[in-house]
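Undergrad: Take this structure, written in structure tokens, and hold onto it; I'll ask about it next.
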Amino acid sequence: MTRFVLFISCFFLIGMVVECKEGYLLGSRGCKMNCLTRPEKFCELECSLVGGENGYCAYWLACYCYNVPESVKLWESDTNECGKRK
């Protein structure tokens, strides 16, 4: 029983360490990266260029990426700078 509990604990610990983030790619002006008029595989390519595992054009509007390294800045509603003057 002790080994089973230890195994489960290690399993959850590994899951937390390997976890990567996901979200919308950040464009040059602080907005989500637009994909409306881009080729079909544009978002998949852009996500792989920043180290993401996969990506797609969400609702034909913005690139959404999965398993992006922690060092990559993604668009966040809390820190949204899109359309704001500096």
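In case you wondered, yes, glycine gets a Cβ from its N, Cα and C as well.
Feature table excerpt (Swiss-Prot):
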DISULFID  Cys31-Cys82  disulfide bond
DISULFID  Cys35-Cys57  disulfide bond
DISULFID  Cys43-Cys63  disulfide bond
DISULFID  Cys47-Cys65  disulfide bond
DOMAIN    21-83  domain 'LCN-type CS-alpha/beta'
MOD_RES   Cys82  cysteine amide
SIGNAL    1-20  signal peptide
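Each of these features: where is it, how hidden is it, and who are its neighbours?
TA: Residue density at Cys31 (disulfide bond): 16 other Cβ atoms are found within 10 A of its Cβ, drawing on all protein chains shown.
Contacts of Cys57 (disulfide bond) defined by a Cβ separation under 8 A and a same-chain sequence distance of 6+ are given as Cys35, Leu36, Arg38, Phe42, Cys43, Cys63, Tyr64, in order along the sequence.
The DSSP secondary structure for Cys43 (disulfide bond) is helix.
Around the Cβ of Cys47 (disulfide bond), the same chain contributes Leu25, Glu53, Asn54, Gly55, Cys63, Cys65, Tyr66, Val68, each under 8 angstroms and 6 or more positions distant in sequence.
Around the Cβ of Cys82 (disulfide bond), the same chain contributes Arg29, Gly30, Cys31, Lys32, Trp75, each under 8 angstroms and 6 or more positions distant in sequence. In the three-state DSSP scheme, Cys82 (disulfide bond) falls into the coil class.
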Undergrad: Using a 10 Å radius around its CB, how many other CB atoms surround Cys65 (disulfide bond)?
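TA: For Cys65 (disulfide bond), the count of other Cβ atoms within 10 Å is 27.
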